[in-house]
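Found this in TrEMBL, in case it helps:
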type: TRANSMEM; residues: 9-31; note: transmembrane segment
type: TRANSMEM; residues: 43-62; note: transmembrane segment
type: DOMAIN; residues: 68-302; note: domain 'Cytochrome c assembly protein'
type: TRANSMEM; residues: 74-91; note: transmembrane segment
type: TRANSMEM; residues: 143-164; note: transmembrane segment
type: TRANSMEM; residues: 212-235; note: transmembrane segment
type: TRANSMEM; residues: 250-265; note: transmembrane segment
type: TRANSMEM; residues: 277-301; note: transmembrane segment
Amino acid sequence: MIFSTLEHILIHISFSVVSLGITIHLITLLVDEFVELYDSSEKGMITSFFCITGLLVTRWIYSGHLPLSNFYESLIFLSWILSIIHMVPYLKKQNYLSPITAPSTFFTQGFATSGLLTNMHQSGILVPALQSQWLMMHVSMMVLGYAALLCGSLLSVALIVITFRKVIRIIDNDKRANLNSFSIGGTPYITKKRNVSRNYYKVQLIQQLDHWGFRIIGIGFLFLTIGILSGAVWANEAWGSYWNWDPKETWAFITWTIFAIYFHIRVNKNGEGLNSAIIASIGFFLIWICYFGVNLLGIGLHSYGSFTLTSN
């Protein structure tokens, strides 16, 4: 009872802090006079990280296993990974991922705390098929891969939007007074002349989005590959076959294939920028089909972590 209450408190504190942080972030983007509040929203994300860390540790101690046995626990773990991805560039004074990771954390925690997953909030005993040392290896690698690929794909989506947008508003949080400036990846681009062509900034921004998107997707692709391989070994131990063309396995393979195509296009000189970004954007939707859609249907051999919609 104590552990359950503590989990309830931590998850709601985390979601409240993230919600407040998103609101502050939007205010600072719309109203220049409130730019001083920007750092408060970033500290809110750090607070959320510690709350989620406490929740996972509490649930691990209480259940006796890594909290990745159902969809609710994997969503909490996903939001924890997104918080880490958010904090790393922030601690390095590079805030290029904030507009992506903060809303992603918000929506992930929002769905996890919704009434749809209430029956999963209580930690239970693992089913026999999940009582394996491969649980930590396989599921953690897959969720790490999902988180990194989602962030990298969203950078690609941003690249496409900026490419086709004629006018962009580029703002530096520290020097908004009379400067047209921005800083991505730690590289400052500042000018005091208002008549400087925005095309220069647009090209620089697109290059940085492509640069960081490629690297983050590379990390996610590595984790996804390890997750699929470890899952195949685990499947052979549990079901006697490395591959069964289960819906989860099929969509994981499709997701892996689309990002393999992304790298094939990206390594070519002509593939930098828009072409590879379009492929990564397709991968963004495939990740959600693989991660969310299959769980929604609750079919196949991977139905342990699925949820069902019930009506009162």
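Cβ atoms are placed via backbone N, Cα and C, with glycine included.
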Per-residue pLDDT averaged over the domain 'Cytochrome c assembly protein' (68-302) comes to what?
76
Which residues of the chain, 6 or more past the ends of the transmembrane segment (43-62), have a CB below 8 A from one of its CBs?
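Apart from its flanks, the transmembrane segment (43-62) reaches 3, 6-7, 10-11, 13-15, 17-18, 20-21, 24, 73, 76-77, 79-80, 83-84, 86-87, 90, 101-102, 105, 109, 123.
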